[in-house]
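In what follows, a structure is listed as structure tokens, so that the remarks can point back to it.
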Amino acid sequence: MVVAMDQRTNVNGDPGAGDRKKEERFDPSAQPPFKIGDIRAAIPKHCWVKSPLRSMSYVVRDIIAVAALAIAAVYVDSWFLWPLYWAAQGTLFWAIFVLGHDCGHGSFSDIPLLNSVVGHILHSFILVPYHGWRISHRTHHQNHGHVENDESWVPLPERVYKKLPHSTRMLRYTVPLPMLAYPLYLCYRSPGKEGSHFNPYSSLFAPSERKLIATSTTCWSIMFVSLIALSFVFGPLAVLKVYGVPYIIFVMWLDAVTYLHHHGHDEKLPWYRGKEWSYLRGGLTTIDRDYGIFNNIHHDIGTHVIHHLFPQIPHYHLVDATKAAKHVLGRYYREPKTSGAIPIHLVESLVASIKKDHYVSDTGDIVFYETDPDLYVYASDKSKIN
């Protein structure tokens with residue numbers, strides 16, 4: 001096993017202190033003493049049951065809420081209230097995304113046609129190519145925690161990081177710019193990777209999936225053209241107020257939540273390569289989060305560890321499944337910090353992580369994020385130092 005990690009020894013004069021420290025210290029990169037089958041066996045049977053009616057009830061709930069908010073905002077049309085509308089509607093757009101995400105996993109129902117139709121409607125409405133994103137997200141789940149093969153917010157190897165222009169590094173690691181990256185990711189993927197979620201011939205997809213990608217790109221295009229048509233009818237400002245700004249809020253939710261589920265824990269968590277990676281070890285690097293009042297609105301997306309290991313579990317069973325699995329996971333499960341009504345504490349975790357988690361070593365089968373000490377030292381400051 002090759003580990004790229006600082007090793008610190010305790011030298012305080014107490015001959016027994018080192019042993020006690022070793023016993024107390026938990027190594028999150030150590031092989032877990034359980035198998036994924038042990039976790040599966042601990043999850044109650046009802047957690048695996050998918051109800052199309054229950055899933056559709058959440059769709060109806062969210063669509064009614066989105067429509068009601070839009071109608072109310074247009075009717076009142078007050079610049080004092082528009083910011084409240086943007087925040088609320090953008091949050092609901094994110095909730096709609098989560099339901100479409102469930103369709104992509106097949107946790108929405110056991111009916112593939114229903115999953116595909118509902119998924120296309122929901123994701124196209126918020127300008128997400130359903131099959132394109134579904135397939136790349138499947139790759140993310142199948143390779144979670146793998147430095148090279150993971151797909152979402154994958155860490156950059158040092159050699160790739162060092163080749164990026166300083167301006168690109170600043171864009172990637174200066175808040176809030178990374179929280180606006182999703183549309184670019186759909187078009188170009190992440191640094192070090194190539195392909196588009198819209199192109200049927202992208203390296204993201206197998207030849208057998210090209211028709212699916214073409215279908216989703218067509219649905220996306222219909223929505224995009226519809227927005228342009230609406231801007232001619234009602235004016236660009238009206239479309240921007242009703243749809244455009246909430247879309248930006250949705251993108252920020254998506255990027256922030258996705259990032260926080262794989263970064264920003266108080267202790268450094270491992271990323272794997274080669275023989276050290278396994279589906280279980282990669283999944284155990286994910287992090288649960290408490291989003292306060294948004295937990296229910298966002299369909300319990302914060303219960304992320306069990307979701308990553310068993311994406312076929314419906315979102316409305318994830319809380320029960322997580323509670324049941326904790327005794328098996330032990331210290332490999334990191335209890336999320338309890339949130340107030342608004343999860344302000346997560347902003348601190350997000351900013352701190354972006355400022356220090358920049359790249360991983362080019363070598364080693366178990367690696368941890370490292371910090372570029374010169375990233376925020378601008379050219380003028382560097383010249384003074386030199």
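Cβ coordinates are placed from backbone N, Cα and C, and glycine is handled just like the others.
Residues annotated as compositional bias 'Basic and acidic residues' in Swiss-Prot: 17-27. As annotated by Swiss-Prot, region 'Disordered' applies to 1-30. Among the features that Swiss-Prot reports, motif 'Histidine box-1' is placed at 101-105. Residues annotated as motif 'Histidine box-2' in Swiss-Prot, with a curator's inference given as evidence: 137-141. Feature annotation from Swiss-Prot assigns motif 'Histidine box-3' to 304-308. Here Swiss-Prot flags 63-83, 220-240, 242-262 as transmembrane segment.
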For the transmembrane segment (63-83), the distant same-chain contacts (Cβ-Cβ under 8 Å, at least six residues beyond its ends) come to 89, 92-93, 96, 241-242, 245
Counting only residues at least 6 beyond its ends, the same-chain positions whose CB falls under 8 A of a CB in the motif 'Histidine box-1' (101-105) are 55, 115-116, 118-119, 122, 130, 133-134, 137-138, 141, 299, 311-312, 314-315
Across the motif 'Histidine box-1' (101-105) the predicted model averages a pLDDT of 98
Within the same chain, the residues 6 or more beyond the ends of the motif 'Histidine box-3' (304-308) and with Cβ under 8 Å of it are 39, 43, 141, 144, 261, 283-284, 286-289, 315, 318, 321-322, 325, 329, 333
What DSSP reports for the motif 'Histidine box-3' (304-308) is 5 helix, 0 strand, 0 coil
